[in-house]
């Protein structure tokens, strides 16, 4: 499939959405693509993606020690997850690109750079140094984080 990579420049979520819709329609699969079924398929693919990393411990960025075949398999599983996610969002009537941009904006508010830069602490755990002598007052930042995400989980 050499030609696929050459045509992949400029891939958009909208382009993927259209191709997935056409792919399903040509095969008469719309009847099976309920939100529930797509979600369960997505979860299954996330499981397959997880298996690739299982038992490997932490791996460095870029996966320098991985064989080409392993990286190709990873790409296939990542693609399965992406394609099911795009299809699910389409079937649910959610503009995934707009939703993702909105979520980034919300996360920028929830996890301000000034408080979260270089930290994996939850926003409520970050000490604020606001007294004159520069010592931490031991106070807790007034950002509520009911979903227990850390600063580094803001995606």
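Quick reminder: no glycine exception, Cβ is built from N, Cα and C everywhere.
Feature annotations, courtesy of TrEMBL:
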- 126-135: compositional bias 'Polar residues' (COMPBIAS)
- 143-155: compositional bias 'Polar residues' (COMPBIAS)
- 34-100: domain 'NTP pyrophosphohydrolase MazG-like' (DOMAIN)
- 122-155: region 'Disordered' (REGION)
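Taken residue by residue, the domain 'NTP pyrophosphohydrolase MazG-like' (34-100) breaks down under DSSP into 48 helix, 0 strand, 19 coil. On the 0 to 100 pLDDT scale, the domain 'NTP pyrophosphohydrolase MazG-like' (34-100) averages 97 in this prediction.
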